[in-house]
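Novice: Pasting in a structure now, in structure tokens, and then I'll have a few things to ask.
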Amino acid sequence: MVDSDPVEFPPENRRGQLFGKYEVGKLVGCGAFAKVYHGRSTATGQSVAIKVVSKQRLQKGGLNGNIQREIAIMHRLRHPSIVRLFEVLATKSKIFFVMEFAKGGELFAKVSKGRFCEDLSRRYFQQLISAVGYCHSRGIFHRDLKPENLLLDEKLDLKISDFGLSALTDQIRPDGLLHTLCGTPAYVAPEVLAKKGYDGAKIDIWSCGIILFVLNAGYLPFNDHNLMVMYRKIYKGEFRIPKWTSPDLRRLLTRLLDTNPQTRITIEEIIHDPWFKQGYDDRMSKFHLEDSDMKLPADETDSEMGARRMNAFDIISGSPGFNLSGLFGDARKYDRVERFVSAWTAERVVERLEEIVSAENLTVAKKETWGMKIEGQKGNFAMVVEINQLTDELVMIEVRKRQRAAASGRDLWTDTLRPFFVELVHESDQTDPEPTQVHTTS
């Protein structure tokens, strides 16, 4: 069922604007849990796509994990054939993905009008394999590749979108395989149907084979009105390649749609395939992030004081309802994590905190950015404080604490330190939207 709720605009903004940063235009797409609108940056005029997701529908559908993965994964990816995620905003009931706008629409809409020639099929397949290989090299498997998830930009170049079903390498079980049944029926690999575990890279390659077949033929290789009959065809690899297909493409399709994942062609082999190599720019397979997977853009890295400026991705990643620490952090080492928003400067917070911990005879080690590690009570207390610039006027202070009962019986956190952080909290107006959580606990 499609989410029929209207777009929720923060109350302090004019109707049709999102946090005063984006003008929200016409609806360009919708699904069971999200709607996508065309938008425009009020600062630059740049066109963006705004994907609006209902938190309530996610929670009812048990899909919080999907949205967490999509935020985490898209934030890490920088490739010309992958839709760019600019930022994530949120209110109490909605999450807003602000993404690159693909003006050309879905590849599915183009191919549904008729099959492509081999040269055009090859061009899109080259862009697809470049992006998929890039994801795999970073331990990310899409698991739901299909023409509906492939968009086109204004130059009609391909862009992969919708990473909601994607898997990370940390989801692989001890047998080295993934075990979650994912994907769209006609694109599902035979080993997924067998429910014995599968290699995420291999099933993406199978889906790429289905996509290439569709581009060349104009129809699906495995299709039947009876789902079980279709699954049997997939499992046995029963398909016919159109007679107009060239011998080189025929050989490549046969290797892509090999029902045995052990002998199925690999990304490296695809790149060296004779049909694939025609007109291929080798630079497309050599995209690297230069160790910047989780870095912010240059204008967001450091303020004049040196406190790191947070973007909305950092904020929503830290909110209790959508905690991404399992994907990135080591929060399990601490028994409590709290966040406070304050109008104090980072320098002032550090100076005052140093005075308090000095009076308590605690050991302090300063971090490179604005923050510190505090230890004391003969190893029974440890705390890490990090201060990040939220806006020009506000900072967010994250406190990670581990504490065991001290011999004195005194609770250092409850009696002394937490009251200090509560004191400096910036009290937000009651009508403010909720892109941040003020002094939250996870």
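Every residue gets a Cβ built from N, Cα and C, even glycine.
Pasting the feature list from Swiss-Prot:
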ACT_SITE  ASP144  active site, proton acceptor
BINDING   VAL28, GLY29, CYS30, GLY31, ALA32, PHE33, ALA34, LYS35, VAL36, LYS51  ATP binding site
MOD_RES   THR180  phosphothreonine
REGION    335-365  region 'PPI'
Novice: With every protein chain in view, what's the tally of Cβ atoms within 10 Å of the Cβ of CYS30 (ATP binding site), excluding that atom itself?
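Specialist: The answer is 14 other Cβ atoms.
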Novice: By DSSP assignment, list the helix, strand and coil residue numbers for the region 'PPI' (335-365), in that order.
Specialist: 14 helix, 10 strand, 7 coil
Novice: If you count the C-beta atoms lying within 10 Å of each candidate's C-beta, which of the binding-site residues VAL28, ALA34, VAL36 ends up with the smallest number?
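Specialist: Looking at the binding-site residues VAL28, ALA34, VAL36, the Cβ with the fewest others within 10 Å is that of VAL28.
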Novice: Do you know the mean pLDDT across the region 'PPI' (335-365)?
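Specialist: Value for the region 'PPI' (335-365), mean pLDDT as a whole number: 83.
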Novice: Measuring Cα to Cα, how many angstrom lie between VAL28 (ATP binding site) and ASP144 (active site, proton acceptor)?
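Specialist: Answer for this pair: 21 Å between alpha carbons.
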Novice: Measuring Cα to Cα, tell me the gap between CYS30 (ATP binding site) and ASP144 (active site, proton acceptor) in whole angstrom.
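Specialist: With the alpha carbons as reference points, the distance is 17 Å.
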Novice: Work out how many Å separate ALA34 (ATP binding site) and ASP144 (active site, proton acceptor) at their Cα atoms, rounded off.
Specialist: 17
Novice: Counting across all protein chains present, how many other Cβ atoms fall within 10 Å of the Cβ of ASP144 (active site, proton acceptor)?
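Specialist: So the Cβ neighbour count for ASP144 (active site, proton acceptor) comes to 20.
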